[in-house]
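A short write-up of the structure that comes next.
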Protein chains: 2
Amino acid sequence: MPSIKVAILGFGTVGEGVYRILQEKREELKKSTGFTVDVVSILVKDKMKKRTSITDVQITDDFRDILNNPTIDIVFEAIVGEEPAYTYLSDAIEKGCHIITANKKMFAKHGPALMKHAEFRNVQVGFEATTAGGVPIIRTVTNLLAGDRVKRIQGILNGTSNFILTKMRNEGSSFKEALLDAQQKGFAEADPSDDVTGMDAFRKLMILSSLAFGQQPDWDEVPVIGIDHLQAPDLIDASKEDYRYRHVADIRLNENGKMQGTVGPALIGVNHPFFNIDGVDNAVIVETEYLGSLTLIGPGAGMYPSGSAMIADLLHIIRQHEAVLIPN
Amino acid sequence: MPSIKVAILGFGTVGEGVYRILQEKREELKKSTGFTVDVVSILVKDKMKKRTSITDVQITDDFRDILNNPTIDIVFEAIVGEEPAYTYLSDAIEKGCHIITANKKMFAKHGPALMKHAEFRNVQVGFEATTAGGVPIIRTVTNLLAGDRVKRIQGILNGTSNFILTKMRNEGSSFKEALLDAQQKGFAEADPSDDVTGMDAFRKLMILSSLAFGQQPDWDEVPVIGIDHLQAPDLIDASKEDYRYRHVADIRLNENGKMQGTVGPALIGVNHPFFNIDGVDNAVIVETEYLGSLTLIGPGAGMYPSGSAMIADLLHIIRQHEAVLIPN
């Protein structure tokens, strides 16, 4: 049976999720695609760290070990931050590898360039896991675009913010208390500023904007407000009136053909699809010309949801490039 | 530019929607697929009826005109009822045509046989429009299946029932009044029994069952209850307690590997994704092993939503069979 060789860059929550699913679903993947998928190399920060679950895989802290391995077909990237991730993926594309990324910070900024580069080299870029975790919003919008036209996208795109708002409303916690709880539960980073200032949601919105409209607004012209100034009593008062505060990212093309984006807290009424999105879930509403309004709700992050989004990208790439992936 | 020739069986709301989108999006489709898509034949009941909007298309009331046309690549079917739709599609597959259907009654029963037949003849079957109208639940579950495992599917699958329940709750209307309003607005058929007895939702559930689990439960073992015995005061009382009645179809594989399905009214709490699905919308929750729980909400029916679901199937078929569709 032909084999597809993959490398994983970064072995945090998401990278490990990809590795685990590839092991657990080895037989199913073989059956459904006709390929075995073999992880041959994993790029880590500290290669001395004990990883008892991994066998028969090169563990390296030098990306050149991966770049110089001519057998690798596909590179999964689950590093945090713009660099060196962008350079790594750029090099991988140049070498003719397909890439699958979960790195929203890198992709919001460098996604358009990577896509062009990949087109030129005739390889694919999977980025489902960059936006809304396990919610298949990238694939859904991609499918819609060919025969329909997207008019607007709104989303609850940051699970940490949504968890904090939910806790403040339900338990009357202060922002600080709720944030601490999110950190203790592993939903928020030690430095949570990207989440609570709205920057993380903003970046995901820019990824959706590139996808749906083929362009991004001028970043400076998008007002970005976080949840860090909301007070518990305001949330509880709103709740009594059948409203809830949600942190909403919103992008549309206005009548003059100009991109308009906003990111910030919004009061949501009881009949709105965002009303009952609690905890770390994400939700996205896509408005199109023909379909009307489509809402997707699901887990915003996590080892298996994000890993499973990357595996969905893998399957898509295999289907598109089946003939080429059979080794010569 | 290579051309794809299609026929449309049935020219009611959905058939006309397909025709209109193909005309309106002609240039976009050309650009995104590299093909022109030409409607060459439409099967109607009454070919004498004036249809001023249609030009350069054969209008026929004899399916043999379509079957004997060797240029046709793809057959869209938007007829109501099991027969003659099943025979027509079976004949079309035998001739080597891809088929795209919106016919849930036919597909719930004959879908498995059509799929096998199509596999044998190496053609595709699109059935996105059979279930939940414009909600891309078929494609989403199909994509999930390769690398994940579906454990349960629940849905609000009948827009007419949901419209009636919404009106009874909001306005205190009786079932009869609400049904009459649905009929006047064009949401319910002259004979609404399939909708209000739950049979329509049951059939869609069987289509989802075949897709997600590769099997259907014994039809006789699925309890099917409609909304036709619910009373407005019950709905209003529930609403005061922050509950709403929804008509829910539910299918899962239990621990013994046996299919378990139910269709009927259910009390839904304020934090459930089905709570705020009002009017003619549909909603589906898919629970999987890796992703967790994914919810999709959108228009359950209508000319453009259903038409657009069929066009999405068309695009998928074009992508899968690009090489074969280029005429020799």
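Cβ from N, Cα, C; glycine included.
According to TrEMBL, the protein has these features:
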type: ACT_SITE; residues: A:K204; note: active site, proton donor
type: BINDING; residues: A:G10, A:F11, A:G12, A:T13, A:V14, A:G15; note: NADP(+) binding site
type: BINDING; residues: A:K104; note: NADPH binding site
type: BINDING; residues: A:E189; note: L-homoserine binding site
type: DOMAIN; residues: A:10-127; note: domain 'Aspartate/homoserine dehydrogenase NAD-binding'
type: DOMAIN; residues: A:136-315; note: domain 'Homoserine dehydrogenase catalytic'
Check: same-chain CB within 8 A of NADP(+) site center, minus A:G10, A:F11, A:G12, A:T13, A:V14, A:G15: A:I8, A:E16, A:G17, A:V18, A:A78, A:I79
Residue with minimal Cβ packing [other Cβ atoms within 10 Å] among the binding-site residues A:G10, A:G12, A:G15: A:G12
Between A:K104 (NADPH binding site) and A:V14 (NADP(+) binding site): CA-CA distance (Å): 13
Least buried by Cβ count (within 10 Å) of the recorded positions A:K104, A:K204: A:K104
Neighbourhood of A:T13 (NADP(+) binding site) by C-beta distance under 8 A, where only residues 6 or more apart in the same chain count: A:G302, A:M303, A:S306
Neighbouring C-beta atoms (10 Å sphere around the C-beta of A:F11 (NADP(+) binding site)): 21
Stretch-averaged pLDDT - the domain 'Aspartate/homoserine dehydrogenase NAD-binding' (A:10-127): 95
Packing count at A:V14 (NADP(+) binding site) (other Cβ atoms within 10 Å of its Cβ): 29
Secondary-structure category, per DSSP, in which the residue listed as 'L-homoserine binding site' falls: coil
Same-chain residues at least 6 apart in sequence whose Cβ lies under 8 Å from the residue listed as 'L-homoserine binding site': A:Q183, A:D195
Helix-strand-coil residue split for the domain 'Aspartate/homoserine dehydrogenase NAD-binding' (A:10-127), DSSP-based: 52 helix, 21 strand, 45 coil
Distance, A:K104 (NADPH binding site) to A:G15 (NADP(+) binding site) (CA atoms, angstrom): 14
Residue from A:G10, A:F11, A:G12, A:K104 whose C-alpha is spatially nearest that of the residue listed as 'active site, proton donor', among the binding-site residues: A:K104
